[in-house]
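First comes the structure, then the notes that go with it.
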Amino acid sequence: MGCCSSASSAAQSSKREWKPLEDRSCTDIPWLLLFILFCIGMGFICGFSVATGAAARLVSGYDSYGNICGQKNAKLESIPNSGMDHTHRKYVFFLDPCNLDVINRKIKSEALCVAACPRQELKTLSDVQKFAEMNGSALCRYNLKISEYTSSKAPPLCPKLPVPASAPIPFFHRCAPVNISCYAKFAEALITFVSDNSVLHRLISGVMTSKEIILGLCLLSLVLSMILMVIIRYISRVLVWIVTILVILGSLGGTGVLWWLYAKQRKSPKETVIPEQLQIAEDNLRALLIYAIAATVFTVILFLIMLFMRKRVALTIALFHVAGKVFIHLPLLVFQPFWTFFALVLFWVYWIMTLLFLGTTGSAVTNEQGFVEFRLSGPLQYMWWYHAVGLIWISEFILACQQMTVAGAVVTYYFTRDKRNLPFTPILASVNRLIRYHLGTVAKGSFIITLVKIPRMILIYIHSQLKGKENACARCVLKSCICCLWCLEKCLNYLNQNAYTATAINSTNFCTSAKDAFVILVENALRVAAINTVGDFMLFLGKVLIVCSTGLAGIMLLNHQQDYTVWVLPLIIVCLFAFLVAHCFLSIYEMVVDVLFLCFAIDTKYNDGSPGREFYMDKVLMEFVENSRKAMKEAGKGGVADARELKPMASGASSA
């Protein structure tokens, strides 16, 4: 990679011009080597699980006696019915597929290898017998002849009646029920607080009935997010006021519509409604009341916050304008979340597949029911923990690579005086610098987040396992520790992001960059409060706008549908998806704003506008910070941090 020793900061000298982006050297090489060794260990776990035969057991499946379906099997010592020839029996069939053990994440039913899955419901043992005679697929235990399926000894040896219609899962040869009732029972096992099973059935029925509306609304949220990004790029000067007005109108309109729908449905006649639909109508009425009250409280809180920050909203316009220029010069930034999401999905698929391989790796042992399971023993059983740590560290590494890539591209834009001299693709240039110089820094930063996240997850797991068993003091201590670790993780995430920006500027190692970034943030604490807080709040309002718009459209469409279905679950699904989509798009904008501010703070620290030390910043950004300083002084908050007079950009610096 052409590495050399770590470069000393050029900004230490006040006698000469500070030139960022010039010195490039590899940073945190030991951490890069450690990360590579860790990834080799992850690869060893994957190779071991595949090499020990787990792949065949995972893809083809195996019965409760250790026989792999679709092939000849060797006899397992002291295990009956093992060593059978299942060449023509390619599918795994569970005698009671809906008998689920959620805690241990497995089906508690006996599994058999069969020649075909029952495509239609079998209500009696006679139907099971006819299916076996016609298709050659025996659904009862191997030691029971087909002619004995209707005898008195058959019921405990045959599948639970009625046998639901099932179909093979593509590529995995398991017979899965196609009836939704089985999935409803699975959800009932997961959602322990639901005491009335009919409620859950109605929720799931509402989702299935409204699936087209849910898909359409999810697409709407994606379109709205992309439209908002276009608005941010081209009309950033008026974006703040547009978002503010639309949020006010949206919150008022949404609250008004909810109260109107509640009043309308409350007055609607119920004599003509059948009893089953009456219960659904009452559930919808209760849900509407809860939604209306929550929307009213949210609207009041939102108004109070906006009233408090009304004098600083105007100051955000200039910052958004400069950030909009970044997206005009770097349009590929908009697609950065897609590449990151794609990389995460690829890794998660690999991680899950390896986890499934591990689940079928090991020696055959008999469980308490007399069925065969495959378990690891000795030191190999701790591979699960290594694999779990790998999930967190590598996921954080991928996210950190995105932060470093965005920081590198924005830093290149900021510190290039003539924007015509920008690289053809600053994003690809930033990726190139990341791979050549800074993978070790990213590995170290992501490892620090992993060290904080793992204890928090362990405490969350302990809290969930002890729920209802621990005393009030222990519960309070656990929740306090979880909360403190969460706060520490958020603070470290923010510091890491600024450290990556400092690394992109000066090419220093992680610790030096984190120290420099922390010092600069402390020195500019008032500016951080004035810029980041207001800017992040406006981006939050953009997310609220997208969620409210999608939720309002969902309420109107579900109300227009006129089907007596419960709205709760469809609306929750739609609003969660809308928020995630809006967050993915606007988080990049938020990241750009944070990087721009740190670049500005470093620029003003090491340059003063004199000949040879001209500012790199855009003139609009300078005017914004000057106005912010004046506003804070008027509020009685101006101090030493802003005592120095800021000078405008020298004529030689292009503002693009």
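Cβ coordinates are placed from backbone N, Cα and C, and glycine is handled just like the others.
Bear in mind that TrEMBL entries carry predicted annotations, made automatically and left uncurated.
So that you can see what the record holds, here are the features copied from TrEMBL:
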TRANSMEM  29-51  transmembrane segment
TRANSMEM  213-232  transmembrane segment
TRANSMEM  238-262  transmembrane segment
TRANSMEM  288-308  transmembrane segment
TRANSMEM  314-334  transmembrane segment
TRANSMEM  341-364  transmembrane segment
TRANSMEM  384-415  transmembrane segment
TRANSMEM  537-558  transmembrane segment
TRANSMEM  564-586  transmembrane segment
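Against the transmembrane segment (29-51), stretch 341-364 shows more Cβ pairs under 8 Å than any other of 288-308, 341-364, 537-558.
Against the transmembrane segment (384-415), the recorded stretches 213-232, 238-262, 288-308, 341-364, 537-558 differ in Cβ pairs under 8 Å, and the greatest number is found for 341-364. Counted over residue pairs 6 or more apart, the CB atoms of the transmembrane segment (213-232) and the transmembrane segment (341-364) come under 8 Å in fewer than three pairs, which marks the two as apart.
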